[in-house]
Amino acid sequence: MGTGTGGDDSLYPIAVLIDELRNEDVQLRLNSIKKLSTIALALGVERTRTELLPFLTDTIYDEDEVLLALAEQLGSFTVLVGGPEFVHCLLPPLESLATVEETVVRDKAVESLRKISQEHSPVDLEVHFVPLVKRLASGDWFTSRTSACGLFGVCYPRVSSTVKAEIRQHFRTLCSDDTPMVRRAASSKLGEFAKVLELDYVKSDIIPLFTALASDEQDSVRLLAVEAGVSIAALLPQEDLEDLVMPTLRQAAEDKSWRVRYMVADKFSELQKAVGPEITKNDLVPAFQNLLKDCEAEVRTAAANKVKGEVLPEDSRETIIMTHILPCVKELVSDTNQHVKSALASVIMGLSTILGKDNTVEHLLPLFLVQLKDEYPEVRLNIISNLDCVNEVIGIRQLSQSLLPAIVELAEDAKWRVRLAIIEYMPLLAGQLGVEFFDEKLNSLCMAWLIDHVYAIREAATCNLMKLVEKFGAEWAQNTIVPKVLGMANDSNYLHRMTTLFCINALSEVCGQEITTKHMLPVVLKMSTDQVANVRFNVARCLQKIGPVLDSSALQAEVKPVLEKLATDQDMDVKYFALEAISGMYLFNLPTYIFSETFSFSSILFFFFSFSLSP
């Protein structure tokens, strides 16, 4: 393709871009490919068809990232070649891209081919698109044959019956291809192809292919056939399912490869919906029991996620779960694998709405208690996250009598990491149980954590209070939390007095200006005279933290004198943090204040030195 401009300066940038397509630098070629639509617009539709596309087809051998960008660009090129009438011009370069070795490039080329197939007329499909599919399906390299598998479904519905027969024959051939990668691709598209076939051909052509692929020697082929089986089952009348599909699916549920059994477990809900309640009850429940008892943890995990049995018949759902599913669930609660227990914990609470109050109290609550005390945090969290399901069934009082003692027991556990885990769940738990119940049962627990002997617990408890205020509101905080927090300011233990300051730091913003100024600030200012230097420098830090919440009059009249006094403290740390607070609060708002006559020249030097070093 010539790049001479022939004296036309307007085409010079295009010549540059086309030269970049030939450049040795990969990045330049990639940039040029990404500007391909610009080149095409400048060339016009005719020159794009007659010059640009042949050029691209001839130079298709390139780095994978360049080819990937090209495959993506061509999918949106219909308008640039003159509209649907000329869309077949895009097929040659995309056909070449669909045969390359790199999978992501082939997949993108197939995606673009599927996209532009919809823009072909039925005649053009038969004249241009179907021959391309046949060439790919008959290619010498497995790469082209795998790409062909993704194209049968998009062209089949709009071609003549004769061509349909040819397409079905080509698909049958690929399903028995010698190369596992081709059979895998065919297996992955079997369900999609079945959806566009006439029902008679689903029975005569697709079912035998499904049976063969589900018995393939490669487990990667068999597991993809399971997904196809779900789609096929949804297409068939109820009376044909038992004979045509179920034997193969039963076989898959007992497959020697755990990956195939995993796929059955993972797709179990979709499978139930496809086959309906009766077959689920008679065929799938026994298979599901085996999956819950599978020797591989991955299979048990996938099955545990499906224990609610949504598609079981309404009149017998409770009985089936109680008789067949619950015994397996009881074993999984103490499974050796944490992922199995975690998956079960995320759904087990949902069984309470199916089994009703009496069965929940008698059979499920003991299991909840076991999981609530599990050593793995994720298991405990999944139970606490779903307490509202049980609350709806058995009521808050029953729940408090059964699960709350266990929660309190964990909250007072000798191991501080266990206590920490419960604190982290507390805001979630509070939201599930409501403010009234929380105040009655759990408020005192949250306050007790503030004076725990482990700093990490006190720190987490402070953060917990902030989250609770965000959930229940500032008015609740003023009446319930703030008085208790401020009361700790008089505690004989200086660590507890410092916790008061940490709580004020956390609560000031969520409580707002009025509560902070009226209730919290006086306590902070009073603590500025504390005998312990650690408390005094934390007062300075606290005043800096809550400063943005306070109004300017409070800053001037109340905070300013206290910080001024702390800035002359005998303790160097107190002085440092007081000056840092001043720098944070007043440096830009009150520049003259820094040079108040109260400060000595050495204090001013110390301030600027410390300010320049502070992060």
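Cβ from N, Cα, C; glycine included.
Note: TrEMBL annotation is automatic and uncurated.
Taken from TrEMBL, the feature repeat 'HEAT' covers 13-51 (among others).
Residues or ranges marked as domain 'Phosphatase 2A Regulatory Subunit A helical' by TrEMBL: 87-271.
A mean pLDDT of 90 is what the model gives for the repeat 'HEAT' (90-128). Among the features that TrEMBL reports, repeat 'HEAT' is placed at 90-128 (among others).
The repeat 'HEAT' annotation in TrEMBL covers 167-205 (among others). Cβ atoms under 8 Å from those of the repeat 'HEAT' (167-205) belong to residues 130, 133-134, 137-138, 142, 145-150, 152-153, 155-157, 159, 212-213, 216, 218, 220-222, 224-225, 227-232, 235-236, 240, 244 of the same chain, restricted to positions at least 6 beyond its ends.
Sequence-distant contacts of the repeat 'HEAT' (206-244), counting only residues of its own chain at least 6 positions beyond either end whose CB sits under 8 Å from a CB of the stretch, comprise 171-172, 175-176, 180, 183-184, 186-188, 190-195, 197, 199, 251-252, 255, 257, 259-260, 262-264, 267, 270-271, 273-276, 278-279, 283. Summarising the annotation, TrEMBL assigns repeat 'HEAT' to 206-244 (among others).
In terms of DSSP secondary structure, the repeat 'HEAT' (245-283) contains 32 helix, 0 strand, 7 coil. Sequence annotations record features per position, and here TrEMBL assigns repeat 'HEAT' to 245-283 (among others).
TrEMBL lists 284-307 (among others) with the feature repeat 'HEAT'.
Summarising the annotation, TrEMBL assigns repeat 'HEAT' to 325-363 (among others). Here the repeat 'HEAT' (325-363) has long-range neighbours at 285, 288-289, 292-293, 297-298, 300-302, 304-309, 317-318, 370-371, 374, 376, 378-380, 382-383, 385-387, 389-390, 392-394, 398, 402, meaning same-chain residues at least 6 beyond its ends whose C-beta is under 8 angstroms from one of its own.
Taken from TrEMBL, the feature repeat 'HEAT' applies to 364-402 (among others).
Sorting each residue of the repeat 'HEAT' (403-441) by its DSSP state yields 33 helix, 0 strand, 6 coil. Marked as repeat 'HEAT' by TrEMBL: 403-441 (among others).
Residues or ranges marked as repeat 'HEAT' by TrEMBL: 481-519 (among others). Broken down by DSSP into helix, strand and coil, the repeat 'HEAT' (481-519) contains 35 helix, 0 strand, 4 coil.
For the repeat 'HEAT' (520-558), the list of distant contacts is 482, 486, 489, 494, 497-498, 500-502, 504-505, 507-509, 511-513, 565-566, 569, 571, 573-574, 576-578, 580-581, 584-585: same-chain residues at least six beyond its ends, Cβ to Cβ under 8 Å. The repeat 'HEAT' annotation in TrEMBL covers 520-558 (among others).
Positions annotated as transmembrane segment by TrEMBL: 593-613.
Residues of the same chain lying 6 or more positions beyond the ends of the repeat 'HEAT' (403-441) and with a Cβ under 8 Å from any Cβ of it are 365, 368-369, 372-373, 377, 380-381, 384-385, 387-388, 390-391, 396, 449, 452, 454, 456-457, 460-461, 464, 467-468, 470-472, 476, 480. Helix, strand and coil residue tallies for the repeat 'HEAT' (90-128), in that order: 30 helix, 0 strand, 9 coil [DSSP]. Broken down by DSSP into helix, strand and coil, the repeat 'HEAT' (364-402) contains 34 helix, 0 strand, 5 coil.
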